Every structure is written in C-alpha cells, then in structure tokens.
Amino acid sequence: MTDQHQLTTQRFSSLDSLRGLAVLGILLMNIQSFGQHDAAYLNPHALGPLTGVDIWLWKISFILFNVKFISLFAMMFGAGVVLQTQRLEAKQVNAWDIHKWRMLWLGVFGLIHGVFIWSGDILLIYAISGLLVFSCRYWSTRKLLTVGVIIIVMVLGLDHATYTALEESPAELDDWLNTYWQPTPTAIAEDQATFTGDYSLQLMARLDELFITYLYMGIFIIPTVVGLMMLGMACFKTGVFTAEAANRVYIGLICLALLVGLPITLASLIYIEQSNWEPVSTLSIGYLLLNSAAPLVAFCWAAPLLISHKLNRASWLHRYLIPVGQLAFSNYLLQSLICTLFFNGFGFYGQLSLTILFFIVLVVWTILFVWSNWWVKHFYYGPAEWLWRTLAYRKRQPFKK
C-alpha cells in the first residue's frame, strides 16, 4: 500500500511520458483541421482527389493515429483525476473543492481557446467530463471498466442511428454533406477567405459554429470521453499506467491491440473504400468500426512505452517525452497558437498538401521538445499549468526554481 508521504510527493514519470506521447500524437490529426477545411478530416477527397504520397499518409494516419491519441489523452485525464484526488485526500484537503475549481477554470480556458484560437478545443469537454467522473474514483476496477465500455458502446450505437437517419431526411442530408463532407467550390473558397482574412471574420465564424459544436459535443463527445476517463481510472488503479503492472499485462494489451483493434481498423478502411466513400455508409459503419477499435489500438502505442519505462529501456525517448508531458496543458495550447498563427495568420490555410502538413508536425514537435526541456529545468510548472493551479487553489503557486 502506498504510504501517505509517497501519495503526496511522488510523481509518476510513466504518466508524464504517456501524456507527452498523447499530446504530440494529437497533432498528427489536428494538423488536418488547422491547415484545411474541416471536411478533409473525414473525407480525404473532399477538396479534390487525394493521390500519391498524400493518400498513403492519410491511410496510415487513419489506421494508426485517428482517434487513438485523443482516446489515450482522455484516459490519461481520468488517471490524473484519481491521482490528484488521492494526493489531496492524503493531505486531508477537500478534494471536491479543489477539483471543482480545477474543472471550472479548465472550462473557462477551453471556451477562450475554442472561441479566440481554434474551434477544435477539447478542454471544455474534459472539464465537463472531469466533473462527471469525480464521484466514480472509488469504484472498483471492474465497475469502471464495465460502465466505461457500456457508455462508449451506447454512444457508438447512437452515432450509427443518427447517421442512418440522415438517409430519411434528404434535405438535411444535402445540407450536412455540403458543410461537412463534400463542400462546394464556393464554400471551400469562402472558408479559405474567412480563415486567411481579418481576425474578426475568423472570430465570427467560430462564434457561428458554437451552437452546433456544443450540441454535438453534449450528445456524442462528452459521454464518450466520460467512458474513456473511466477506463483511464481503471488503468491507473491497476498499475497499468504507472508501469507497475506485470509484463504479461502489457503483452496482453499489445496482443489485444494487434489481434483485435488493428484488424477492425483495417476492416473499417477496406469497407469505406469498397463503399466508394458513400457518406452515410462511411460514417455509420466505417467510422463506427474505427471509433470502436481506437481505445484498443491506443495501447499499441502506450503498452510498449510502458514496458520500456518499466525495464528502464529507451531512456532517451523518455527524456524527450517526460518534459513534454509535464507541460501537456501548455503544450496543447502552444500547438494551437503556433498552428493558428502559421495557417490563419500567415495565410497558409488551405494551401498545403498533407505531406507538407506532416512535415510541419515534425517542426512543431521539435519546438515542443526544445522548449519543454528548457522550461522544466527553470520552472516548477508550465505557464498554463501554473495559472490553472493558482486559480484552482486560489493561492499563488511557486513558479521559478
């Protein structure tokens, strides 16, 4: 049993390493939304035929990246809720009081980020989900896994029913297709003009999207994230995320990912291509298969990293990832600032191929590696982490070492 001193002082470097991996991996998919019309995220041919290296990069990202890192990030957040409350309770601090303020301010940061920087924000989603899962922290591992999986499956079923129902409403289907699947050349040109034009136009466009964004978020995204956070809580409580589980557990997770998760993901891609990218079939079945397998495939990334941490191998990799993970909140926001400035500020939005977008990811990663490594040597917290912590505790936190 971990003693009180360890609970209040120990920092699990494996969690930081996983957070670093997750926040870096998220950019592999987000870069497509930063740099192109949103429709290209779902339909690679939305802006015109995708060929050559670009289509292969899209397929690789679909199989290995799409939904995987955002699933891992949500699970890590759930693990963090348990760890944070354990530490507070070990110090006999009112955990709910601190947690509610943490989530409130995270939601405020999310609103600011989503409106003023980038509409693809996840912070508000995590804030609401974090409030909902707080009372689950004492549940047994089995209950967390069972309820988490049930919630995710229910949302997948609702998602399938919603897209299938679009076929019964031709007018609504056409409107949806023109916006999110196959926009007209005029719509693409207007989108590009907006997001490379005056900042006030971009701000108004984000505000216009708020209602539909939050409606979709409330029905589909938040319940899914709640389910994933429950899985993350279970993984923390069993020692999986802290690199304390037996090696056979990690090997089992890798086998599950390779033998179940990846085949389902490959089947989803094959189905989508054989349906010739017919939108309702692609979304109601193809993407349903993708989303159902994503949490499993996420362990293709997480489990080997945890084994290497447990065995003290690939220490060079962890030296890069741990600082990035310690500043995960700041790095998530910094990614948005860099990409928004580059694509919207300098006018590269809608101008670059997928190959170039992935090259930009490497550039951003390099920036994050360098600045994170320097920052943690001189400061206790990242700038966003420090502000968040100061607001949540309602007391100025130590900053410079």
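Glycine too: its Cβ is placed from the backbone N, Cα and C atoms.
What TrEMBL says about this one:
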type	residues	note
TRANSMEM	17-35	transmembrane segment
TRANSMEM	56-83	transmembrane segment
TRANSMEM	103-132	transmembrane segment
TRANSMEM	144-166	transmembrane segment
TRANSMEM	211-236	transmembrane segment
DOMAIN	236-395	domain 'DUF418'
TRANSMEM	248-272	transmembrane segment
TRANSMEM	284-308	transmembrane segment
TRANSMEM	320-343	transmembrane segment
TRANSMEM	349-371	transmembrane segment
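A Cβ distance under 8 Å defines the sequence-distant neighbours of the transmembrane segment (248-272), meaning residues of its chain 6+ beyond its ends; these are 59, 62-63, 238, 240, 281-282, 285-290, 292-300, 302-304, 306-307, 310. Non-local neighbours of the transmembrane segment (320-343) in the same chain are 13, 15-24, 26-27, 30-31, 34-35, 109, 113, 117-118, 122-123, 195-196, 305, 349, 360, 364, 367-369, 371-373, 375-376, 382-385, 388; each lies 6+ residues outside the stretch with a CB under 8 Å from one of its CB atoms. Just going by CB pairs under 8 A, the stretch in 17-35, 103-132, 144-166, 284-308 that sits most against the transmembrane segment (349-371) is 17-35.
Predicted-model confidence for the domain 'DUF418' (236-395) is 95, expressed as mean pLDDT. In this chain, the transmembrane segment (17-35) lies in contact with the transmembrane segment (284-308); the count of Cβ pairs under 8 Å, excluding pairs fewer than 6 apart in sequence, is at least 3.
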